[in-house]
Amino acid sequence: MEQYHGTTILSVRRQTADGIQVALGGDGQVTLGNIVVKGTARKVRKLYQGRVLAGFAGATADAFTLFERFEAKLEKHQGQLTRAAIELTKDWRTDRVLRRLEAMLAVADHSASLIITGNGDVLEPEQGIVAIGSGGAYAHSAAKALLSNTDLPAAEIVKKSLEIAGELCIYTNMHHTIETL
């Protein structure tokens with residue numbers, strides 16, 4: 001799967017006595033080639049009346065187009081995350097304009113966490129961890145270790161994992177946006 005430079009997006013799900021915790025976060029760095037042009041971008045947001053978390057890796061304008069399309073699919077399918085993701089992916093693969101978009105989405109609600117790609121993939125990774133972007137592998141590894149070996153809440157796991165990714169990936173910074181459900 002192609003990884004885009006310039007960001008790290010991570011989502012973690014954790015079952016607790018109080019229910020399922022879901023957190024999704026990302027760093028704020030935007031690069032143009034090897035130059036940092038912005039350090040405080042917001043690549044994570046809540047969609048569908050605050051019930052869905054979404055983050056992107058890739059071209060910013062493309063990602064905003066995908067956010068709009070994805071939110072429209074969520075509205076059409078009454079917030080059914082998986083169905084909306086599949087419908088978006090169908091459009092992404094068949095529409096001439098959408099087909100050229102270079103971005104990936106990480107989305108989550110209380111029922112699922114998914115990666116949506118322009119290759120036509122809707123992936124639900126195991127263990128409730130979704131990681132995309134250039135620092136995704138670092139953040140995923142850190143989150144997996146923290147999820148297995150600590151009782152930290154999901155949001156804290158996302159925070160600490162993004163910090164570790166920021167220490168290792170030159171395209172990831174320490175300015176984080178973290179949303180929770």
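In case you wondered, yes, glycine gets a Cβ from its N, Cα and C as well.
If you check Swiss-Prot, you get these features:
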ACT_SITE  Thr7  active site
BINDING   Gly166, Cys169, Thr172  Na(+) binding site
Can you check which residues sit near Thr7 (active site), meaning Cβ under 8 Å from its Cβ, same chain, 6 or more apart in sequence, and list them in order? Gly26, Asp27, Gln29, Val30, Lys43, Phe56, Ala57, Gly133, Ser134, Gly135, Tyr171, Thr172
Taking 8 Å from the centroid of the Cβ atoms of Gly166, Cys169, Thr172 as the cut-off, which other residues in that chain fall inside it around the Na(+) site? Thr8, Asp27, Gln29, Ser134, Gly135, Tyr138, Ala139, Leu162, Ala165, Glu167, Leu168, Ile170, Tyr171, Asn173, Met174
So how many other Cβ atoms are close to Thr172 (Na(+) binding site), meaning within 10 Å of its Cβ? 30
Within 10 angstroms of the C-beta of Gly166 (Na(+) binding site), the count of other C-beta atoms across all shown chains comes to 21
